[in-house]
Amino acid sequence: MFDIGLNITSSQFDHDRDEMIARARAAGVSNMLFTGTSLEESEKACAFARRYEGCWSTAGVHPHDASTWNDESAARLRALAGEAQVVAIGECGLDFNRNFSTPAEQEHAFTEQLRLAAELALPVFLHCRDAHARFLALLDPWLDKLPGAVLHCFTGTEQEARETMARGLYLGITGWVCDERRGLELRALLPVIPADRLLLETDAPYLLPRDLAPRPKSRRNEPCWLPHILKQVAQWRGEDPAWLEATTDANAARLFLKNASPA
């Protein structure tokens with residue numbers, strides 16, 4: 001299995017990171033993509049990708065951190081993207097829900113990262129929350145210059161899913177879909193997503209699936225729970241889990257690993 005979204009640099013993993021990776025492997029999660037959310041975190045994610053076999057990383061600035069973008073940011077990301085472990089630009093995009101950075105700052109950092117990804121011919125790992133129309137408006141001019149993109153941790157509506165997929169993007173599905181309180185709309189639209197546009201991720205340590213039984217003592221999510229997400233998604237889509245695993249693994253490899261060096 002391939003977890004395309006793991007926040008490896010989170011301090012929640014500081015005391016047992018090696019053991020967490022070992023639990024993932026024991027559960028059948030052999031490949032992982034570590035998310036970079038700032039320049040510093042992207043550098044750390046790349047270092048962890050060097051350390052763990054079968055793992056890669058992204059390099060980017062999350063919309064929450066867009067206020068930190070300056071003239072040096074693109075140069076530092078460009079240098080980092082030259083590392084063999086870095087296979088995508090991101091996490092980048094727009095988040096108008098909390099606006100930790102202003103919308104103008106977010107839009108500038110997003111556009112500059114799209115420009116960089118186009119220059120380097122790298123796919124993009126995207127974030128969008130409460131900003132769908134503006135997100136697409138900024139993304140559209142770059143689509144024919146990018147080798148691919150995934151909208152990570154998709155939690156939008158069916159209409160938003162259709163508009164996103166019409167542009168050729170992949171959708172990343174997390175344990176959000178296992179939440180009986182807020183994930184039912186996403187669960188209902190799962191069959192709308194073509195299998196060749198679907199990717200799976202935990203977004204660990206966040207979004208622990210709420211329907212795990214028995215429920216873990218800790219609320220911290222881990223990549224070892226990706227098989228549970230896969231099983232549930234396959235059930236709600238009416239597909240064989242083994243087939244869906246092979247399909248989503250192939251999707252991840254096609255998007256991220258076309259030109260990657262073996263990890």
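Note: Cβ is positioned from N, Cα and C throughout, glycine not excepted.
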Site co-member for divalent metal cation according to Swiss-Prot, given His127, His152, out of Glu72, Glu83, Glu91, Glu185: Glu91
Glu91 (divalent metal cation binding site) in three-state DSSP notation: strand
Most Cβ neighbours inside 10 Å, all chains, among the binding-site residues His127, His152: His152
Sequence-distant neighbours of Glu91 (divalent metal cation binding site) in its chain (C-beta under 8 A, six or more apart): Thr35, Gly36, Thr37, Thr58, Gly60, His62, Phe125, Leu126, His127, His152
Three-state secondary structure, His127 (divalent metal cation binding site) (per DSSP): strand
